[in-house]
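Trainee: Pulled these from Swiss-Prot:
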- H130, D155, D159, D241: Mn(2+) 1 binding site (BINDING)
- D155, H157, D241, D243: Mn(2+) 2 binding site (BINDING)
Amino acid sequence: MTQWYPVSPTLWQGRDDSAEAADARRLFQTVIRSEDFAPQDWPKQIALMGFACDEGVKRNAGRPGAAGAPDALRKALANMASHNGHERLVDLGNWVAQAPDLEGAQQTLRDAVRRCLCAGMRTLVLGGGHETAFGHGAGVLDAFAQESVGIINLDAHLDLRQTERATSGTPFRQLAQLCDAQRRVFHYACFGVSRAANTRALWREATRRNVTVVEDLDCYNALAQMTQFIARVDKIYLTIDLDVLPVWEMPAVSAPAALGVPLIQILRLIEPVCRSGKLQAADLVEFNPRFDKDGAAARVAARLGWQIAHWWR
């Protein structure tokens, strides 16, 4: 059974510069921490939620540890300066999966996301392995049943694997099957894909599903493809697997990328998504604090979350 917990106030701490000026504030001073999961109380705000789960990573023979990511990322976010957009963040706590019930955890996240979106919030989820994406994406599809939903994944992997059970490598095949069941088009784009990390079978499945695929080698000239994809859909779900980054920027993941796409280029790609007015949901997944020796990788991941909230329109 997946359980919900409010976040400890000790996570949101940092340097206090308020004596300098009224607007010299950091995120730990502007994030609202809710003691209850009550999205109906926070319309037009951004629901910050953790999905503490790495059961999908374990099933996918990866390096476990991502279940500890949500709180590690909160700590990294806490001391960052608060600018426009960050005052909308409401921390709605963590959903903590109980192994081995991945499917139940995904359903719980799906329901929570749907509730947030139907209450007028938008969702920023801190995973968790990339199994987060099925629960998160399904909640978005449920909330916007009459509109076209585009899924944008920044990832070294297509995550269209076919297995008997759900894993961190299957979320977009699961979402494609959900779209089939709901008789809607599966709009999926994956940027940063490593051909060396995806088999021909996965590539063939992407072609069969009409997936927009941009390889890691081509991401430096991919803004036009991103803009075209944004224009085709009504609502957007953005998911960032941190293994899209090169290993020298992001070693703390289950499967570090030998090549990857640098952070500055990832930010350039997601800026038009965030500013489009269509983004309803975003997540950061696969961060593994066990492999982050000095906290540098957490700061890299946190900068992505910081930037999304700042640019979100």
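Cβ coordinates come from backbone N, Cα and C, glycine included.
Please situate the listed features within the shown structure.
Mentor: The Cβ of H130 (Mn(2+) 1 binding site) has 33 neighbouring Cβ atoms from other residues within 10 Å, across all protein chains displayed. Secondary structure from DSSP puts H130 (Mn(2+) 1 binding site) in coil.
In the three-state DSSP scheme, H157 (Mn(2+) 2 binding site) falls into the coil class.
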Trainee: DSSP secondary structure for D241 (Mn(2+) 1 binding site), reduced to helix/strand/coil, please.
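Mentor: For D241 (Mn(2+) 1 binding site) - judged by DSSP and reduced to three states - the answer is strand.
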Trainee: Around the Cβ of D159 (Mn(2+) 1 binding site), how many other Cβ atoms lie within 10 Å? Please give the count over every shown protein chain.
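Mentor: Taking all protein chains shown, D159 (Mn(2+) 1 binding site) has 28 Cβ neighbours within 10 Å.
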Trainee: Could you check which of the binding-site residues (H130, D155, D159) sits closest to D243 (Mn(2+) 2 binding site), going Cα to Cα?
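Mentor: Going through H130, D155, D159 one by one, the closest to D243 (Mn(2+) 2 binding site) is D155.
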Trainee: Please list, in sequence order, every residue of the chain apart from H130, D155, D159, D241 whose Cβ lies within 8 Å of the Cβ centroid of the Mn(2+) 1 site.
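Mentor: Those within range, site residues removed, are A133, N153, A156, H157, S168, G169, P171, F172, T239, D243, V244, V285, E286.
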